[in-house]
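Record features, source TrEMBL:
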ACT_SITE  C433  active site, nucleophile
BINDING   Q297, E355, N405  S-adenosyl-L-methionine binding site
DOMAIN    329-388  domain 'Methyltransferase'
Amino acid sequence: MNLSANISSFFYKHRSLSTRQHCVLFSTTNSYFNVLEKPLSKHRHKKVQRIDGGSWEERLADVVTPLWRMSYEEQLDLKQKQQENILRQLSGYLLEDFQPHASSHLRNKLNFPVLPILPSPHKDGYRNKSTFSVNRGIDGNPKTVGFYVGTGKKGNIVCVNGDHLLNMPEKHKLVARCYQDFIRLSPLEPCLLFHTGGHWREITVRTNRQGHTMAIVYFHPQTLSPAEVALHKADLVDYFTRGPGSVCQLDSLFFQESTMTRTTHEESPYQLLHGQPHIYEEVLGFKFRISADAFFQVNQVAAEVLYSAVRDLCVPQHSVQEKRTKVGTLLDVCCGTGAIGITTSPRVDRVIGIELVEQAVEDAKHNAALNDVPNCEFIPGKAEVVLPGLMSQFGSGGPVAAVVNPSRAGLHHKVVRALRNQPDIRRLVFVSCKPDGEAMRNFRELCCAPDRQKKLTGEAFSPSLALPVDMFPHTAHCELVLLFER
């Protein structure tokens, strides 16, 4: 098809790689950490015995970045094959739905093109958001900041410093080291298990391309009074603004008190202790505001590759230039802070975004105004509740394209039903971080024969193009973009 050839040529120029160098485990730029080389605690702790083979650093790298031993070219080849295998399963399921007696050979055959995986422009230090845990370290110190090796179920969790991890930027490692220094100086104990007491929990670090840095500290108040908590907040601010932590040059320092593992801003507000309430990032020429809990792709430069591909699949550039098959409305389901809708807005008459997280919707509205984009509307709420009511608006506004970018849990069946049963949606782009999970059920329900029992009465979609995008070098994960048409 023409679209496939057009997009294929566009994507191939991004595919060129000039390196087959093997990954190096340990970072070579540790100048940030020289200020913290002194012993951080006067207490002695029982060392944790190492289990299994390899050093603790290697074991952690195998957990967080399991492909670190492979060259980047080898990583891309592996991910390409993995995605093709998943898509063969989809082809087989769809063939079975329409031709139940088809041979096994046909069921294992791809019946739509899969383009070569798009690499991340940066393969090391690419994360713009990292969350570091607090727990017992290799030396037994419970005030260790890093990442877990082992599991709670087996009772063998060890918290290992992440200074050597390839996907972590140096600034994130620096903030984690400083936070570890701070909590070891604090008289309060860490909160390892909620029911056993303690206060200091994990820390999240967010950065942008300009190097601006936001830190969010999570804290369990237990039985402390608000006045007592305020004293420790003041110590935290003093450490990061005037003490040793000032080397981090934080632009924002947030604090959240929580008695639960995960708490939204609405349930327990993020308290700004120092600096600016937001940092900003630019994507494809548009500026985006990032709040403490807002979703934003963790690899900014690869996000530009992803969003550019999604934009071209939703509304191909040649169609815009030739003024044919113009899309009237782009429906952006699970829109987050509005990145896909806003970057695609010049090519459509209007964008309607739906997002569950209210703070993300506020950010999306702000981002639209910030970029002087008047044709975007963002609606808070569950997609399965909001979407069916919206469908009545699409009667006479021209063709509708939809893009969905759900979590690993996939789309609610009512969302799939609403998309399937709306005849004006002719093109649907599905972005999935786990296509072999619940998303596979979504794919099948979008494409299966009409099923009145499931209330899937609309014309079936067909997959016409697939494109893997590597957002997470050194890990086994990647994004899959699937174009469905009818």
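Using the three backbone atoms N, Cα and C, a Cβ is placed for every residue, glycine included.
All annotation found in TrEMBL is predicted automatically rather than curated by experts.
Since this is a predicted model, take the numbers as computed values, not measurements.
Features recorded in TrEMBL, as mapped to the structure shown.
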residue	record	Cβ neighbours (10 Å)
Q297	S-adenosyl-L-methionine binding site	20
E355	S-adenosyl-L-methionine binding site	26
N405	S-adenosyl-L-methionine binding site	23
C433	active site, nucleophile	16
Max CA to CA distance in Å over the S-adenosyl-L-methionine-binding set Q297, E355, N405?
15
Cα separation, N405 (S-adenosyl-L-methionine binding site) to the residue listed as 'active site, nucleophile' (Å, whole number):
9
Can you list the residues of the same chain, besides Q297, E355, N405, whose Cβ falls within 8 Å of the S-adenosyl-L-methionine site's Cβ centroid?
F295, C334, C335, G336, T337, A339, I340, V431
